[in-house]
């Protein structure tokens with residue numbers, strides 16, 4: 001029994017010291033609900049979370065948030081977690097990353113974003129991650145990697161981009177990744193990749209490019225030569241078999257087996273119909289730039305600025321599909337539509353459509369004129385139909401001026417001639433009217449005009465038959481007056497006008513003018 005007492009004492013002491021052992025950390029206080037927390041690790045996976053839960057201990061170094069429904073990562077949601085080194089956000093529903101979302105995690109070494117719904121990456125999405133070593137972006141919906149996307153990751157060693165929909169990798173997309181050792185671009189939609197895109201990767205040791213629809217043309221000639229010369233060491237035996245998908249004559253052939261003479265390109269040709277168009281104020285306009293070539297050219301619209309004070313200005317690219325007169329132009333494969341909405345005089349001027357592929361570049365100008373007044377909308381002709389020039393040439397301005405001097409010389413001359421012609425016509429009409437009035441004044445009035453002849457023919461009312469007989473030899477009508485009323489006012493003999501009626505009217509009486517008489521029949 002004496003030996004058993006110390007043994008029991010040691011067992012009790014061991015149970016008291018067991019929570020203090022480093023292998024079994026105690027449960028931390030302040031752990032988010034339903035999460036499991038340890039001294040430096042917090043597990044919140046598969047809890048149907050929609051946001052990062054509050055209350056995570058500030059000293060957390062490893063955070064598991066996988067298999068949830070987090071769709072938005074706000075900029076300040078991770079701000080208290082400055083000590084974080086491993087963050088697992090895979091299999092969520094993230095659609096975008098705000099600029100500076102990880103600014104407060106300068107010690108982060110590993111970031112897992114696999115299996116989300118990211119469609120694009122902003123240039124400042126990874127600002128602050130100066131110590132990041134591994135970045136998982138596989139299994140998203142990325143389609144383009146723009147220039148300087150990973151510029152703020154100088155110590156990144158592994159970049160996993162497989163199983164996306166990447167079809168465009170810009171020349172400076174991987175700029176700044178001087179420490180990158182592994183790049184996985186397999187199972188994407190890449191048709192080509194430029195030599196300039198891989199130049200910043202001075203520490204690259206593993207490159208995965210398989211299962212992409214490679215277009216074997218002149219733009220990919222460098223890749224075959226690079227693999228044969230020194231890039232072979234970066235590729236596994238599987239990755240060396242880069243299979244062509246285009247053109248059809250080279251389909252399913254390995255790039256390394258295709259001769260350099262078969263990797264050809266067709267320079268682009270470009271056409272805009274009509275080359276000049278007249279638009280009205282306030283209307284919308286769509287202009288198609290048809291480009292052809294192999295590979296399919298990339299099309300960009302630019303507005304050629306008017307020089308000021310003899311100094312040419314830089315060209316402004318236009319967004320294909322978006323209105324405006326500046327900004328960054330977007331590339332469009334083939335359709336090449338220029339969209340202008342609510343046209344003003346500032347839209348007038350010269351535009352340029354540029355098509356480019358690995359075989360070269362081609363440009364074509366387009367001239368836009370704007371009517372000063374609103375008119376009925378004009379429709380552009382169908383690009384497939386024969387070219388027709390726009391109808392109607394009203395006062396047009398190529399700049400913002402509304403002055404008469406802004407018009408062309410031919411337009412000014414036409415307006416001046418029209419005004420002079422109208423003035424001459426008005427003078428001729430006035431002269432003709434005056435001449436006719438003078439002729440009317442000179443013509444004498446016919447004899448007997450304005451004279452009323454009265455005949456005392458009946459002693460009473462007359463019939464219509466008698467009225468037909470009351471006409472003199474010259475056809476004048478003879479009217480019958482009432483004898484019961486005086487015929488004339490009393491007129492002095494010296495005031496009576498002298499009048500000799502014509503022959504055949506001796507029995508008639510001439511009534512004085514400006515005197516009213518009552519005549520009964």
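In case you wondered, yes, glycine gets a Cβ from its N, Cα and C as well.
Just so it is clear, the model here is predicted, and its values are computed rather than measured.
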Per Swiss-Prot, the range holding region 'Disordered', considering 256-280, 281-305, 306-330: 306-330
Annotated range (Swiss-Prot: transmembrane segment) out of 414-434, 435-455, 456-476: 414-434
Of the residue ranges 352-373, 374-395, the one that Swiss-Prot records as region 'Disordered': 374-395
Residue 371 (N-linked glycosylation site) versus recorded positions 289, 342, 353 - nearest by Cα: 342
Which of 91, 342, 371, all glycosylation sites, has a Cβ with the fewest other Cβ atoms inside 10 Å: 342
Nonlocal residues around residue 353 (disulfide bond), in sequence order (Cβ under 8 Å, 6 or more apart): 270, 272, 289, 291, 299, 300, 301, 302, 336, 338, 363, 364, 366
Within the predicted model, mean pLDDT of the repeat 'LRR 2' (83-104): 94
Cβ-Cβ neighbours of residue 289 (disulfide bond) (radius 10 Å): 27
Inter-residue Cα distance where the pair is residue 342 (N-linked glycosylation site) and residue 91 (N-linked glycosylation site), in Å: 44
